[in-house]
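Below: one structure, written as structure tokens.
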Amino acid sequence: MGVPLSAAVTLGLLFFLSVGLNEQVAEGCRCVQRQPQQQYCDSNTVIRANITGKVTQSGLTTYSVNIIKTFKNADEKPIQFIHSYQNSCGINLANGEYLLGGNGKNGVMVVGLCSLVARWDSLSSFPVSKWL
């Protein structure tokens, strides 16, 4: 006697669901590759900032910054801190000057792997003046 049809269907569904869930977890963060100009347009806040320090606590890294120039800011409150979550989409910034684009609100900007993040001294390869 074989396995009842309902048990076989249930096992099949469990198999496909577990494969699908494992693939989502294994792939982690995915970003559609975009040109820097598109990342700029998609960000509600874009700044040139000097990262001066960082503190990581409970999976969140908070960077202290000195804002050199604000190119875009949807919120009227100036950016005081940069946050990045330390999951698969988080980033790790060293001290130095960056062009950062992301979501800013209430003086805090959130950046990640899919955000506009470029060392300022590496921007000579981009025609930045045309889109900033």
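Each Cβ is built from the backbone N, Cα and C atoms, and glycine gets one as well.
In this view, Cys29 (Zn(2+) binding site) is surrounded by 11 other Cβ atoms within 10 Å of its Cβ, with every protein chain counted. What TrEMBL records for Cys29 is Zn(2+) binding site.
Look at Cys29 (Zn(2+) binding site): DSSP puts it in coil. Per TrEMBL, the feature disulfide bond maps to Cys29-Cys89 (among others).
All protein chains considered, the CB of Cys114 (disulfide bond) has 17 other CB atoms within 10 Å. Secondary structure at Cys114 (disulfide bond), taken from DSSP and collapsed to helix, strand or coil, is coil. The annotation disulfide bond is assigned in TrEMBL to Cys31-Cys114 (among others).
The domain 'NTR' annotation in TrEMBL covers 29-132. Within the model, the domain 'NTR' (29-132) shows a mean pLDDT value of 90, rounded to a whole number.
Under the heading signal peptide, TrEMBL lists 1-28.
Within the set of disulfide-bonded residues (Cys31, Cys89), the lowest number of other Cβ atoms found within 10 Å of a Cβ is recorded at Cys31. In this structure the alpha carbons, written CA, of Cys89 (disulfide bond) and Cys31 (disulfide bond) are 9 Å apart.
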